[in-house]
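Per Swiss-Prot, these features apply:
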BINDING   8, 9, 10, 11, 12, 13, 78, 79, 80, 102, 103, 104, 105  NAD(+) binding site
ACT_SITE  134  active site, proton donor/acceptor
BINDING   135, 144, 145  (S)-2,3,4,5-tetrahydrodipicolinate binding site
ACT_SITE  138  active site, proton donor
């Protein structure tokens, strides 16, 4: 039986994972950590977990990694809003532990990323813009998924990523990301390839959080026998 530690257990993603975990026979939630705990509680939390699924806040990541290293606890990180210093921590931890990071753990969003990469190879001279829409209470903007998609395309086209174009003209060497916030939207991501004569748009819409939670649990199960490295969901789906 795989013992999973759930960090961010009282958040929306944590609650959804708790609702879905019973569908998986070979794992259980063995430990929980949330905003009511002290950071030092991460010690026993990691000790009692084989793999941790983290949907908390960037502020606890360094402590979480330190205790995970102490107890050799594998990490699945889904927390968004991470900054460059956080990714450096993940890369360093992955030299010792298997670590999986993804801004979006649904198969649909990862297929969207794969399709965007393939379309980019063909539509090399098209402009690319990304529009992401989320509920009114989402804190980070642009979304981690939008950044993931933009980075995937930019790596193939050698483009810069622009979050706020302001009043300046669009350059030929950039991908723009625009954000909408409102309602109770779980997540919509649209990638538009704009040519002079036609527009091709790829779109993914999450109808609820189930696909994210199922992806996170699958990631924890998949990671349990992997060697130390930094993985993504595309390693699981082999795309």
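Every residue, even glycine, has its Cβ placed from backbone N, Cα and C.
Taking the features listed in Swiss-Prot, we show where each one sits on the structure.
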residue: 8; record: NAD(+) binding site; Cβ neighbours (10 Å): 22
residue: 10; record: NAD(+) binding site; Cβ neighbours (10 Å): 14
residue: 78; record: NAD(+) binding site; Cβ neighbours (10 Å): 25
residue: 103; record: NAD(+) binding site; Cβ neighbours (10 Å): 23
residue: 105; record: NAD(+) binding site; Cβ neighbours (10 Å): 27
residue: 134; record: active site, proton donor/acceptor; Cβ neighbours (10 Å): 25
residue: 135; record: (S)-2,3,4,5-tetrahydrodipicolinate binding site; Cβ neighbours (10 Å): 13
residue: 138; record: active site, proton donor; Cβ neighbours (10 Å): 18
residue: 144; record: (S)-2,3,4,5-tetrahydrodipicolinate binding site; Cβ neighbours (10 Å): 18
residue: 145; record: (S)-2,3,4,5-tetrahydrodipicolinate binding site; Cβ neighbours (10 Å): 26
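Sequence-distant neighbours of residue 12 (NAD(+) binding site) (same chain, six or more apart, CB under 8 Å from its CB) are 209, listed in sequence order.
Residue 135 ((S)-2,3,4,5-tetrahydrodipicolinate binding site) carries neither a helix nor a strand DSSP state and counts as coil. Long-range Cβ proximity for residue 80 (NAD(+) binding site), meaning a same-chain Cβ under 8 A and a gap of 6 or more residues, is found for 103, 140, 143, 144. Taking the mean position of the Cβ atoms of 135, 144, 145 as the (S)-2,3,4,5-tetrahydrodipicolinate site, the remaining residues of that chain whose Cβ falls within 8 Å of it are 80, 103, 104, 132, 134, 138, 140, 143, 146, 187. In this entry, NAD(+) is bound by 8, 9, 10, 11, 12, 13, 78, 79, 80, 102, 103, 104, 105, whose most widely separated C-alpha atoms sit 20 angstrom apart.
Checked against residue 105 (NAD(+) binding site) by C-alpha proximity, the recorded positions 134, 135, 138, 145 yield 145 as the nearest. Comparing the Cα of residue 10 (NAD(+) binding site) with the Cα of every entry in 134, 135, 138, 145, these being the recorded positions, the smallest distance points to 138.
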